[in-house]
Amino acid sequence: LQAMSANESASEEDWLALRPQEPSPSQCCGSGCKPCIYDVYEKELAQWERAKAMQDKSLLMGKKEQSNNSELNPDTFTAFSVSSVEQLTEDTYQYKFELPGNSSLRLSLGQHIVLRGVVNGLEVQRAYTPISPRNAEGYFEVLIKCYEAGLMSQYIKTWKRGDVVFWRGPFGGFPYQPNKHGELLMLASGTGLAPMIPILQSIADDEEDETFVTLVGCFPTFDKIYLKPLLQDLARYWNIRIFYVLSQETSLEKLPWSYQENTYTGRLNEDLMKTIVNSCRRKPFVLICGSSAFNEDMSRYLKAAGIEEDSCFVF
């Protein structure tokens, strides 16, 4: 009898060791992903409870925390290899990841993916939007700003070519359809530029798409504008205009002349918003991406300029 109960307690310990761990708040990226890390946990917990009730560990075989087949998946993390690291500004980097063969991530426009990092034994998850064209084959690229005190930033700063990191997704996105809106007004602060880039590229690449686009990029200084060559190329299209608002520049004199006529100094405030909205060729549908404070300010200024909430989409 004693032997029996010893076996039973060993079995109980085995089951406890297999029980999924509840995520900590730092593991949630806060972007409203479906499934969220907590949804995945609930699903795995239910699977574990069912297997334990039936005393059948084979029922857990379907449980995969991560996968190495390089197929992006919303439920499980997949390994991708870093193929290049390019520093764009003092704190912003462009990372390129390999995809096997000529495969593509097949994201919808503006969708984000979630990165998992472990820092000092603590697991952290954050959402980022790939900036590569959605039909890019064999690779994808992500724009990431690293913060001095950021947990995830500490992990990202260690990346070098050949390192393997884990992503899951895709999530979110803006349901863009060519020619659905007369004009898109894109308001982006810093790396909030990321979800705008694939949409801009898709409009530029589609000769049938006659949507007008006005992109307003908000940055502290001229040196901190990301992806200048790409943006300059896009601004050459007949239906794409790009403005810059530089909060810490006091004069336009030092800027290259090609930037002077489409750049404003100071902040994007209510008056400037009215000027930009009035300069749109058609009544715009607005896409907004930045910090929560930026998003709130933009919504308020847009309302003052006569643009209602149902004509806005916030990433």
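Quick reminder: no glycine exception, Cβ is built from N, Cα and C everywhere.
The annotation domain 'FAD-binding FR-type' is assigned in TrEMBL to 75-177.
Taking a C-beta cut-off of under 8 Å and a sequence gap of six or more, MET152 (FAD binding site) has these contacts in its own chain: LEU115, GLY117, VAL119, VAL124, ARG126. What TrEMBL records for ARG126, TYR128, LEU143, LYS145, MET152, SER153 is FAD binding site.
Within the group of binding-site residues (ARG126, LYS145), the Cβ with the highest number of other Cβ atoms inside 10 Å belongs to ARG126. Confidence in the domain 'FAD-binding FR-type' (75-177), given as mean pLDDT, stands at 88. Helix, strand and coil residue tallies for the domain 'FAD-binding FR-type' (75-177), in that order: 6 helix, 51 strand, 46 coil [DSSP]. Counting every protein chain shown, the Cβ of TYR128 (FAD binding site) has 23 other Cβ atoms within 10 Å. Excluding ARG126, TYR128, LEU143, LYS145, MET152, SER153, which define the FAD site, the same chain contributes LEU115, VAL142, ILE144, CYS146, GLY150, ILE156, THR191 within 8 Å (Cβ to the Cβ centroid), listed in sequence order.
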